[in-house]
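Per TrEMBL, the features are:
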| type | residues | note |
| --- | --- | --- |
| BINDING | C107, H109, E142, H166, H364 | Mn(2+) binding site |
| DOMAIN | 192-281 | domain 'Peptidase M20 dimerisation' |
Amino acid sequence: MDADQSRQLLREAQLLQPQLTEWRRDFHQHPELAFEEHRTSEKVARFLQESDLELTGLFAGTGIVARIRGSQPGKTIGLRADMDALPIQEQNTFGFRSVNDGISHACGHDAHTAMLMGAIKLLKKHRPERGDIAFLFQPAEEVSKGASAMIDTGALKGIDAMAGLHINAGVDLGRIAFSGKVGCGSTDFFSLAIIGKGGHAAHPDLTVDSVAVTGQVITALQQFASRQVDPADPVVLTIATIQGGSANNVIAPKVTMTGTVRTLNPELRQSAPKRIEKIVKGITLAFGADYKLDYTFSAPSILNDERMTAIAQQTADDLLGIGHRLQSKPSLGGEDFSFYTEHLPSVFFVLGAGSDAIPRYPNHHPKFTIDERALPYGSAMLAAVALNYLEKD
């Protein structure tokens, strides 16, 4: 597609604004947690059937894959939207706020789903001359298990490349951000128990104070990130929860904590569990305590393919005009689109949805929301990337 055709596609997407807004608000009002997206999935399935799309099948429980076939055979590009919400109590007061207590679309997956549906409406009209377009409606991104479950159940069969996006109110409306080869950091989790010997608070000498040992462990673990890693190599180690003790006159026999490690460096990612255990083992040994460490590798880093990125960047320039594409730093926030990038040449980008018309809160905030005028941009961008990939194949 040339620039004129791209802008025409955007104008057509903007005519879909009422429908996109209606879809997004309906999904927003009825959020569902990972692998529980039954209402959302059913609504998407009805839309696909009414649109006469070819349903490839159901995957990962609530996931759906559908296709639009071109006039001639060729390669297939997949477009992905995640559908799940977060276990966060929404604090917004608008009329379409969540009706499900303790659950909200605080990360924009309601918008992602609506925008992919919008892309389908555009691509029904602008069917590719050669090749196919697959649409992946994916569950469970927030727990970093949905993409791998889709892959394990065969959702990528016959797909040659992937594209996806994430909405962000921290980026201005009408802008699209790319972050280079590495799109985001790996996201891994650990749980750690420090096991001491409980007793009376008046006689710490007869105990092994698990709380005191835990304090030393937490301090030392921060040295891993700040003193054992090249400062130019981003890594974050965060202790997110800590629990221990039951009374103010009792020394706790055990403290448990959970945390996360995020990095852009695959080698550092692999070495992190041993580094952490070495620190914990040394401190607990010094104070006569014991420990139990469980470490879970979750989502790897997103690796953007050079050719796919070039196609998407040119598409953004054509769609929005020169100067509206941004180059951003990789985020250490996790995104399980990364599993697709391990299998296929892929590109992932950020869609701006912030403006003075809304309060700007970060993703995962109880008051997160978007400027809904961003929805047509997302639909048009996804559709245009798919068409340009197939044209350049």
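From the backbone N, Cα and C atoms, a Cβ is placed for every residue, glycine too.
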* Structure fact -> CB neighbours within 10 A of H166 (Mn(2+) binding site), counting all protein chains shown, number 25
* Asked: Taking DSSP states H, G and I as helix and E and B as strand, how many residues of the domain 'Peptidase M20 dimerisation' (192-281) are helix, strand and coil?
  -> 37 helix, 30 strand, 23 coil
* Structure fact -> Across the domain 'Peptidase M20 dimerisation' (192-281) the predicted model averages a pLDDT of 95
* Asked: Relative to the mean position of the Cβ atoms of C107, H109, E142, H166, H364, the recorded Mn(2+) site, which additional same-chain residues have Cβ within 8 Å?
  -> D82, L86, H105, A106, G108, E141, N363
* If you count the other Cβ atoms within 10 Å of each Cβ, which of the binding-site residues H109, H364 comes out on top? -> H109
* Per 10 Å Cβ neighbour count, which of the binding-site residues C107, E142 ranks highest? -> C107
